[in-house]
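Annotation source TrEMBL lists domain 'MacB-like periplasmic core' at B:95-320, B:513-681. Annotation source TrEMBL lists domain 'ABC3 transporter permease C-terminal' at B:366-481, B:748-860. Per TrEMBL, the feature transmembrane segment maps to B:94-115, B:359-382, B:407-434, B:454-476, B:497-520, B:747-768, B:780-808, B:828-848.
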Amino acid sequence: MIEHSLGEFEELVLLMVAAHHDEAYGVLILENLEEKLGKKINISAIHVALKRMENKGFVKSRFGGITNERGGRRKKFYAITALGKRVLDNQYALRTSIYQQIPKISFS
Amino acid sequence: MKPSPPHRALKFLRWFCREDYIEEIEGDLTEVFEKQYEQSQTKARRKFTWSVIRYFRPEFIKSFKTSSSANSVAMFRHNFLLAFRQFKRYKGTFLINLVGLSSGLACALLIYLWVNDELNVDKFHEKDDRLYQVMQNFDRPNGVVTGDYTPALLAKALLSEIPEVENATLTNTIYQSNWAKGILSNKDNSINTKGILADSDYLNVFSYNLIQGDKDKVLADKNSIVISERLAKKMFNTSENIIGKALDWESEDLKKVFQVSGIFKNTPLNSTVAFDFILNYDILLDNNPESNEWYSDHAYTYLVLREGTDIRQFNDKIARFLSSKHPLRAKCTLFVQQYSKRYLHGKYENGKQVGDRIVYVRLFSIIALFILLIACINFMNLSSAQASRKMKEIGVKKAIGANRKALIIQFLSESILMSILSMMIAVLCVMLLLPQFNVITGKSLHFTLGTGDMLIMLSIVLFTGLVAGSYPAFYLSGFNPTSVLKGKPNSSLREQWVRKGLVIFQFSLSTIFIVCFLVISKQIELTQTKNLGYDQDNIISFQRHGALDVDDFEVFLSEVKNTPGVVSASNMSGNIIKQINLNVGYSWEGSTREDAEITFPSPEVNYAFIETLGIALKEGRSFSPEYSNETSKLVINEVAAKMIGFKDPIGRYVKRGSQEMQIIGVVKNFHYTSFHEIIKPVFFRFDPIGKTVLVKIKAGTERATIEHLKEIYEKFHPKNPFEFTFLDDDYQSLYEAENRVAILSKYFTIIAIIISCLGLFGLAAFTAERRTKEIGIRKILGASVFGIVRILTSDFTKTIVIAIFISLPISYFLAKNWLDNFAYRIDLQWWLFIGTGLMTLLIAWLTVGIQTIKAARINPTECLKDE
């Protein structure tokens, strides 16, 4: 499943897109991720991830309306696709199943 | 007021970023920027720029391949078609452009051929970059004199003493050229020919390639002669199997039998020296022992320096070389000059390199460039003026999505197409004109369509096309489609000024050309018409040859004098026009030690010389057989009299070395050389053995008299052909370069004017066409034809007047500069400039006038009915 591979950062972005269904766009994702991760991220990293995932068919996008904000530029909103959701679910299931194999020992 | 992100970074982003991503990315970046801006301005800006740079990666960079190849072929065909339609529709403009550009290109091409030929003279030697000629500076009281003649011993001495010298050779100088001028004969043929004397390394230093023989050996001994292929064909009718054959040599100084030891290829046309045979230099040394001394200059010395030799250091090293060899050489400094540079940069004045031929090479290159520019300007002006015709096309194209680049390409391809067409015509013209051009320039240029020429032509075409198309391309493609399609004529003040500026430039150049041409031809006229102080009409001069002794010569001369039709005859040493013998070592009462080092032109003349040339005697007498011991007498010119400073010079004495010489006469000043030089003090000495015979012939009897002279000459000089020149022709040849420049500048001036006028004509026609409605209305309201002509021409008049005012000071400066080359020159009078100005204006009016009168006479109903 090469084409359905998902990098760590991509996964984070995809989760964000899914969380803010149809309302997610570059800056929003950036800010939420920065808040959750507690570190600075460059906007270009978000765009790279989004474009890659769009190419793989995990997300789809649409343009918003024209406003006077952002120098008159339209926002591009992203939504997760069915495939994207499935990949996310698979990833989650995989991790949980492995996680559950961890023996119940104290890791102090 | 919203803060705006860094302008340059944004521009960069927009330039490289994919179109389908740019909106999102720019928007997001701006949003981030605006949020950060509230905290820190500088940080926000820095962050923005940094982010932009982070986007500069393959995923986000757009593909710069604008269109696929199929599309570009289609676009090419489309542009081609449009250009052709344009040409067909506006035939007048097309013709003006074509004629202008092709004559400009033809000029440029001719000049390129000439310049290229000049630059390649003497460059064919294999060791060209290391081949140097030794030059000599003489420190004289009236300045440093530079000469290329050196002692014959120098070559060997330099080779053995200076390690940087890899090889050295010598040849005879022009002053010893009679050693290699004479008659070669075998049993079949006898030919009067000219060669050089050189030492055995000559063919190793210079690349005159041998067809037969070993270049190390052919000049090894004194009995050998190396002949050219051409001479071999003439003497033996073949160039095969003639090594070792004998040739009889007879010249003034030498009779000898030589064996052919080798054959060389004919000296190439781009070689400054041309010769038909080479003899061993030792012949000269044996027969003229003086030439083997350090104090006498009998040779040109050429060196091949080792690779990597620093010329400045080398010159320092050899500077005192000669002065260390002989006390008489104390004031001589040696230096070297690259051999192939001698042709273009051969002139020295006071020890410094000055102009020479390179000046003309530069001059004509500049002229070519300017003529081409004038032609390009026509194209620029006409196509930008006709912008209104193209506006709709541009508007529609832009509206349906043509980008600016496509339009620029369209206009440039139109202009390049134009210049390709013009180049074809220009090539035809050049082929037709080349023989004529060769006559004027005295060259034998060929126009071959080889790769070299093709490349140059291609680059000229591209250059012309790009320059001519640049302004319309960038100007027209910048139109705003909405305003164009709305029908608002886009004729800004700036645009009109650019057009006027270009016309000003054209006409300034034309005016400068006219002034320069007039000044050159006036100066040439001066050299033709000014009283030279002697009479050169109907005088022929020829050389006496062979070993004719003094008594025989006297008989010969008296026979010449008695020939019917001969007015008088005399002879002299040297040549009155080209080369008068120079002497040093004169002293007189009150002269200083330094005066003894001044070189005086001092020709040795026979009786009746002054009378034959018609030089006016101011006081005293000239040499005459009625007096005895004339060899110790002197006739001087006015300048000399003034220099010596005697109040009454007749009968006083001047010393030459230890010999007392009495002044018997003073002649008025006369111009013995060209007007480039001032008249120097001349001392005429008496000696009847001079080799140049001058014969004054009665006007109208030239043909018969020359026939008679020929008979007498051949009686006394069997084998020698009678070769004579007219003195006035010799005089003309002094101004060969100037005459050529005069003729060429005439043609180039005419072409420049024609091209400029064509442009103006086109512009006037266009303006008149644009303003027909205005003219119609004006006429209906009662304007006269004259009034309308005035309105239409006043604009052009202003432009031309500005051009004239700009160009006159420049041309004054140029003309003055050129005239400074002459010691005797015309005065630059004001009317010459005013006249040229008026002439330019008149030409411009005539050009514009035809169009405007036609426009002004139009019937107003004609032009107003269709609206």
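Heads up, the Cβ atoms here are built off N, Cα and C, so glycines get one too.
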Per the 3+ Cβ pairs under 8 Å rule, pairs at least 6 apart in sequence, do the transmembrane segment (B:359-382) and the transmembrane segment (B:454-476) touch? yes
Contact ranking winner - B:407-434, B:454-476, B:497-520, B:747-768 against the transmembrane segment (B:780-808), Cβ under 8 Å: B:497-520
Across the domain 'MacB-like periplasmic core' (B:95-320), what does the mean pLDDT come to, as a whole number? 86
Check the transmembrane segment (B:747-768) against each of B:407-434, B:454-476, B:497-520 and return whichever range has the most CB pairs under 8 Å. B:497-520
Go ahead and report the DSSP secondary structure tallies for the domain 'ABC3 transporter permease C-terminal' (B:366-481): helix first, then strand, then coil. 98 helix, 0 strand, 18 coil
